[in-house]
């Protein structure tokens, strides 16, 4: 199986470790992994802010970059959701039926990390070791756009050394919402404050999630609080082993 | 008779937010009492709703059925409205058509005057809130008395409703006691803040009004086209008093509130109370058809931007809304800001899509952005309105409207265009990411310029990595 990683623009530029972890994990499970460098961004920021026209070339780029792979894996529920729910529709709305069909086809082979591991590879124990007290924020788009359900939890429960603690009001939005965090910065901050209170209530030292974007928001707030809780992407936990444990 | 299919001029009434959403939200966020009242109330309703929804094994099918019935109604709205008019007329009612709030208000004022009344009792109604009927009646020297308890609290408090179903959700009981003591004529000065005592005070006050009122004004939850039957769901019995005692009943109803047949009601009798109050069945369901002998019934059918909304294939499913307010109770944005921040009678997620459509997006340009697109509203909606997708659709309309209004692009549009240009050129993109690494030396703290200052006001920025992922890949990533 030719697997490509769609790192997402945020991981490429700001959270390279999440991309490296995704690649390392898939390799450890015995797969050939490629990171095609023609990739950039899924275009979700443009679409969700009201600029669908600007996103159309990015849809074409995504399709052209990834059409030749058997599977595309993204360490992001949000970007996977955009690819699955927005790409074909954008192309269709622009009157490009060929691109819409191609986008639908590539989207059907694009997976969020936990979906790919559990559904496509059929594994829940990926041989990881992570000796920390961890609470998991499920992120809205993984939860509601992709319906990943308990897949991340199944993967985390199989990690050795981990102490997984339930996050109160887990399904509440953290308040990131892309440009919402800027356009409605104060509401976003109020939502973040409640999310952080729930995280701190668990006593966990690590807050994990499957989206670097939500983690950037939550981590930025926790850092400002100097709360001593770090944010870690699901891929980084799953990639950890006894020899590499952070 | 109006010509359906021709979008009307923009609506009037209480639909246009006087301030931007972020401005209005700022005030609400700073009000700790309001935040606490809202948080407690929405959490309680959420839990109650989840419990009764989980009881039904066919909830998803009921949602789909509700959506299908409403879509069928909207697809043939012209035919069903004419059928309703014929049925109501045949049974002794009088039907009036109103293009906008002003026309509807004029009609109601004339009807109240013709009945010789200077006081009316009202059943809580979103349509009459929407058209600002109480204010129009007051201008005509007619006193309108809200009889729903929460609506009465809002009215006596010279306040605006903050929730579709729980208009006084932003008030706690000690605040309500103060309002009653200050505003309610003849109330016992020893009134406590015990909910039962507060309800009893309101009951005594209202009873006198029910018995003397000559005219009642209601909204309608549903109208059955095949029978000409109107329907109101309520919990306190005040609606039933209004609908039976006065000699003249005037109902103001949005034209989308129809269902084709009696049988269709069955779905909504299950989904509406469960979604709104978390009850299996609502306490009072009143239905009436035409006029009883000695009484008069007038039905005012209100457009006020609805046919314009119907004309948009991406936006029209907002007209499925049955005003249950489930989306408000699950919305993290509504929970923090309350309804007043939305500046329209329709708050929360449904308000963020409905108000801009009824008024045209140029009149409510910040509402489609008042959402983190978390999707909780879509999951909760009993008629499966895809509110997140509709918000995105309306955002594009707002951006297009700005493009048309200004010759030079807004700073945001320039940033978006530049980002898209770069993201479509991997080499430039790689260079841009490398340049961003330099911000490591700028450090990550507070003083970023707008619009990024909105981020750094409360959040640190992450330290960019020493090396971008693609640079790492080119250096050694291909190596197994």
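From the backbone N, Cα and C atoms, a Cβ is placed for every residue, glycine too.
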Practice item. Among B:425-452, B:453-480, indicate the range for which TrEMBL gives the feature region 'Disordered'. Key: B:453-480
Check your understanding: Per DSSP, what is the residue count of the compositional bias 'Basic and acidic residues' (B:460-474) in each of helix, strand and coil?
Key -> 6 helix, 0 strand, 9 coil
Check your understanding: How many of the residues that make up the domain 'Lactate utilization protein B C-terminal' (B:407-477) does DSSP mark as helix, as strand and as coil?
Key -> 42 helix, 0 strand, 29 coil
Revision key, fill the gap. Residue counts for the domain '4Fe-4S ferredoxin-type' (B:318-385) under DSSP, helix then strand then coil, are 41 helix, 0 strand, 27 coil
